[in-house]
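The structure appears right after this line, and notes come after that.
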Amino acid sequence: MEEMPLRESSPQRAERCKKSWLLCIVALLLMLLCSLGTLIYTSLKPTAIESCMVKFELSSSKWHMTSPKPHCVNTTSDGKLKILQSGTYLIYGQVIPVDKKYIKDNAPFVVQIYKKNDVLQTLMNDFQILPIGGVYELHAGDNIYLKFNSKDHIQKTNTYWGIILMPDLPFIS
């Protein structure tokens, strides 16, 4: 008696099997390329490994740094803050005006944060304490500075501002 296979393999079945293997290989290659692209992108993106913090206080007519010399910023001769490391920065501070009765001119109390020649923030108040700041993406070479409409309007002893480079923190979901 002759043994008969239960199922004969047909050329169509063999062709379908090759197509499904080919499809699986293409899908795996695409996943590998996407993973490799993501890895390259994240490794090339400049990120801050550790934070960097600087605080300034106003003395007589100049800002002076009250913290140790940081690695992410530098002060320029004209009192501006030069960014040395690109990243996300938190700018914070408070500007306290002198009492209104000591003001000789009627100019409004205005404080502005500048990045190069662009205004990042403008604050105006009728001689009240002004909290300043925000979170900004800054790049190496940017210059940041605070500008007042009149230095005679500012209490030098209690006015300060600072900047913190925020480290990129990994989030686990």
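Any Cβ shown, glycine's included, is placed from N, Cα and C.
Positions annotated as transmembrane segment by Swiss-Prot: 21-41.
As annotated by Swiss-Prot, domain 'THD' applies to 40-166.
Taken from Swiss-Prot, the feature topological domain 'Extracellular' applies to 42-173.
The disulfide bond annotation in Swiss-Prot covers CYS52-CYS72, and the record cites experimental evidence as its basis. When secondary structure is read from DSSP and collapsed to three states, CYS52 (disulfide bond) falls in the strand class.
For ASN74 (N-linked glycosylation site), the same-chain residues lying six or more positions away in sequence with a CB closer than 8 A to its CB are LEU81, LYS82, LEU84. As annotated by Swiss-Prot, N-linked glycosylation site applies to ASN74.
All chains included, 21 other C-beta atoms sit within 10 angstroms of the C-beta of CYS72 (disulfide bond).
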